[in-house]
Amino acid sequence: QGDTVHPPRLNLRALTSWVGIARLFAILLSCTAFSLVASTGVYGGPYGTWCMFSWGFCFAVTLLIVLLELFELYPKLPLSWDDFTSAFSMLAALMIFTSSVVFPSVFIANPCNSSICMRQAAATAISCLCFLAYALEVGLTRAKPGDISSFLSTVPGLLKVFEAYVACLIFSLLDTYDNVPGLQWCVAVYAVCFVITLLIIIFTIGRCLSYIPCPLEKVLVAYNALAMLMYLTAVIIWPFYSFNNRSRPSNCGPNCSWNKHLGVTFLTIFNFLAYLVDLVYSTKMVFIRTRS
């Protein structure tokens, strides 16, 4: 008598839970935004390519996550599933938010009268709704205060994803800094903090942090303090060397070096504040865990 073949077991909560519903909406909305923009044929250049990649990438990975949870295949993967899904939902929210801001500012004309422009405007509105769906997922999966079983679902863990993403945006805006030691220091700050933060995220998802032979929580607090101080120097040095005795050119377009340096300035401030909040929360987590 042969072995009985059992039908695949379905986990319907992957579709019916609030997190599952948020993911289904994100899949539908990201696919719709991608399709609307693709139908116009107007998405050339780096900004359009980035927006199309963001919608397509988030659609594909979210669909994969839903299928893996529906067929309960994710336990076979050699990674921390909760950390992976929390990190991805945060990353997707940031990517879709960026696309929702960049796409209309670059491609939508004023006034918006043509059918192509109408589809672009609809795609922008749908992209904003897609961002809300991912933001809802982040809120639903975020760890409760005191729960540290899934690090990347805690506030410090989500901030790690934010910090790495903002650093990537900074790298995309860097152009002229080779001959200025002050700017070179800032680029070194961005690079060092990005690499270490990315390694923390990868090691957490890969369940490798437990092999580090030292009190990990205290190491993270020390790193956050160091990164915050390094970014503090960049907050001061970058604008000083970028705008000292330099006014904005009258014909400064989207690819103007002055505008890019201004963007890096604001992103540097955002990451400094992120590392500051990260330090406060991680210190609080270590204090609570030590007392418990």
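Here the Cβ of each residue, glycine as well, is placed from N, Cα and C on the backbone.
Curation plays no part in TrEMBL annotations; they are all automatic predictions.
The domain 'MARVEL' annotation in TrEMBL covers 14-146 (among others).
Marked as domain 'MARVEL' by TrEMBL: 151-287 (among others).
Sequence annotations record features per position, and here TrEMBL assigns transmembrane segment to 20-43 (among others).
Residues annotated as transmembrane segment in TrEMBL: 50-68 (among others). Beyond the transmembrane segment (50-68), the same-chain residues lying 6 or more positions past its ends with a Cβ under 8 Å from any Cβ of the stretch are 14-15, 20, 23-24, 26-27, 30-31, 33-34, 37-38, 43, 74, 77, 85, 88, 92, 95-96, 98-99, 102-103, 127, 130, 134.
The transmembrane segment annotation in TrEMBL covers 88-109 (among others).
Listed by sequence, the residues of this chain that lie at least six past the ends of the transmembrane segment (121-140) yet keep a Cβ under 8 A from its Cβ atoms are 18-19, 22-23, 25-26, 29-30, 32-33, 36-37, 51, 55, 58, 86, 89-90, 92-93, 96-97, 99-100, 103-104, 108, 112, 158. Residues or ranges marked as transmembrane segment by TrEMBL: 121-140 (among others).
Taken from TrEMBL, the feature transmembrane segment applies to 182-209 (among others).
Sequence-remote contacts of a segment are chain residues at least 6 beyond its ends whose Cβ falls under 8 Å from one of its Cβ atoms, and for the transmembrane segment (221-241) they are 156, 163, 180, 182-183, 185-186, 189-190, 192-193, 196-197, 200, 261, 264-265, 268-269, 271-272, 275-276, 278-279, 282-283, 286. Residues or ranges marked as transmembrane segment in TrEMBL: 221-241 (among others).
Per TrEMBL, the feature transmembrane segment maps to 261-281 (among others).
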For the domain 'MARVEL' (14-146), the DSSP residue counts stand at 109 helix, 0 strand, 24 coil
